Amino acid sequence: MTETGDFILQTQGLTKEFKGFTAVNGVDLRIRRHTIHALIGPNGAGKTTVFNLLTKFLTPTRGTIAFNGRDITPAKPAEIARMGVVRSFQISAVFPHMTARENVRVALLRKLGTSFHFWRGERALAPLNDRADELLAMVGLERFREAVVADLPYGRKRALELATTLALDPELMLLDEPTQGMGREDVELVTQLIRKVSANRTILMVEHNLGVVSTLCDTITVLQRGAVLTEGTYAEVSADPRVKEAYMGRAA
Amino acid sequence: MKTKLAYLLLLALLLVAPFLVYPVFLMKLLCFALFASAFNLILGYGGLLSFGHAAFFGGAGYFTGHALKVWGLPTELGILAGALGAALMGLAIGQLAIRRHGIYFAMITLAMAQMAYFLFVTSSFTGGENGLQGIPRGTALGLFDLQNNLTLYYFVLAICALGIGLIARTVRSPFGQVLAAIRDNENRARSLGYDIERYKLLAFVLSAGLAGLAGATKTVVFQLASLTDVHWHMSGEVVLMTLLGGLGTLAGPAVGAGVIVTLQNYLASGPLSAWVPVVLGVIFVICVLAFRRGIVGELRALIRNSF
Ligand SMILES: Nc1ncnc2c1ncn2[C@@H]1O[C@H](COP(=O)(O)OP(=O)(O)OP(=O)(O)O)[C@@H](O)[C@H]1O
Ligand SMILES: [Mg+2]
């Protein structure tokens, strides 16, 4: 009973095979509610694939996924998003030909219930502007509202993606390397931002920057060749010789 | 401010145009401008290349022709019936095609349009090879005799302006924003909770219905519904018009349609009449190679770069 109360997301034996190659192999994840949980591991360990399975961008070969105690294995990606599990992408996912404000507005629009209204003018979008600007300010993009996103530097695009994800007020946020490709300052900014938005929310993040992981994350799951190698706090995991070896193995 | 002035100027031009140019030719231009704009809604704004839009354009022509000639409906209702029929065809074809991408989408729409062509050729209500001829133009609102070309011109102008106006509004609407997002990044739109297929389907149905509106109106103008309008050539022509004018721009398709229809008209009566497809082909190649953004797209870029 407390099982499902404590854990917002649970997977059992999650497996994904690509033509004989097993990218994710029997992963049992348990994400505790209102924590920040990291998924780390060397390149190609299967982290992004796990995200794709959780959000059903890929269909698991085997295994089940439960969100809030409910089996969501058969759900479609958009349904999962509507339930409150929203992801970001490893390669920044924005709408490049729209402005920053329009990007965030599109995310806000769905709950307004007018997303099929093709006969309404631009004015129908106006009520969303304040909230959109608020979210943009939150990620330090207030000066770039009207900028076409294709012209923004990479770090700004990632920040925008975060604002767009936040616009949905997700219960569980999946962030795939939110600081990748960012300079030191931006990393700092995003780290603080993630901490800020983690209140009343659960976050599962893939992150290579161990500094970020150590400051932010309550629990860390280490993935290696598609399987869970170990799990624990940063101190526990970083002391584990197998983890070092896994990362060394990558370097060699 | 400037755009408002431009619109007023355009409106004035369109109002006096039938006194300067043969109205039937102008009406043909208007119908194709609407057809290409409707097509642009799905290609330029939806990112889906349909190769079967002739089925909607020509299909609506048959529906309207039948409604006016056999059922004797008032002209407005007849045109509406054509547009609705085309929208329903769009719903059926869209359901099958919308999950596919790129070339597969184009192939399915082409295949379905060919099937529609076959049905139109074989069924009796279309008049087969002869088409439907002598379709009555009727009156507008039961008051204005549309047999008069000038009266009909303003009637057609109103329909096409409404159609293109609706497209312009759709593009800027909340729905248009979602559509733009889907075209930009489908997976991201999905991860924001949008069932993207439903949005694409609505865009497709709208596009089909408006293409139908254009075809239905053309039928009233020429009092004829024929196989030419459902033939796959027509599907290709509208692609050409849209690309030539400028994909994803509001004015582009209308401009492209204007250029092509004008060319066809002039060439058809000159010594080059047998070479029309070749000339159009050459134009298409030049367009694709040299100015990919189309006339309006290139002009816009030019203006943007010089300020
Ligand atoms: N669609 C696919 N088809 C075939 N193989 C795939 C597919 N997607 C991922 N893989 C393979 O699965 C393995 C895991 O990939 P994944 O992207 O999940 O790794 P990752 O842990 O996210 O790595 P990185 O740190 O580089 O982002 C890799 O070997 C990859 O080549
Ligand atoms: Mg990855």
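Yeah, the Cβs are placed from backbone N, Cα and C, and that goes for glycine too.
For B:6-25, B:32-57, B:77-96, B:103-120, B:151-168, B:201-226, B:238-260, B:272-291, the entry in TrEMBL reads transmembrane segment.
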### the transmembrane segment (B:103-120) in contact with the transmembrane segment (B:32-57), cutoff 8 A, at least 3 CB pairs, sep 6+
yes
### Message
Suppose I define contact as three or more CB-CB distances under 8 A, residues 6 or more apart in sequence; do the transmembrane segment (B:238-260) and the transmembrane segment (B:77-96) meet it?
### Response
no
#### Entry: Long-range environment of the transmembrane segment (B:272-291) - Cβ separation under 8 angstroms, sequence gap at least 6
237, 240, 243-244, 260, 263-264, 297-298
## Note on the structure
The answer for the transmembrane segment (B:201-226), taking Cβ pairs under 8 Å and residues 6+ beyond its ends, is 24, 27-28, 30-32, 34-35, 37-39, 41-42, 45-46, 48, 50, 53, 56-65, 68, 75, 78-87, 89-91, 93-95, 97-98, 126-127, 131-138, 146, 152, 156, 159-160, 163, 166-167, 170, 175, 179, 238
### Message
For the transmembrane segment (B:151-168), I need the partner stretch with the highest count of C-beta pairs below 8 angstroms, choosing only from B:6-25, B:32-57, B:77-96.
### Response
B:32-57
### Query
Other than its close neighbours in sequence, what residues sit by the transmembrane segment (B:32-57), given a CB gap under 8 Å and a spacing of at least six beyond its ends?
86, 89-90, 93, 97-98, 102, 105-107, 109-114, 116-117, 159-160, 163-164, 167, 170-171, 176, 179-180, 182-183, 200, 203-204, 206-215, 217-218, 229-236, 238-239, 241-242, 245, 247-250, 252-254, 256-258, 260-261
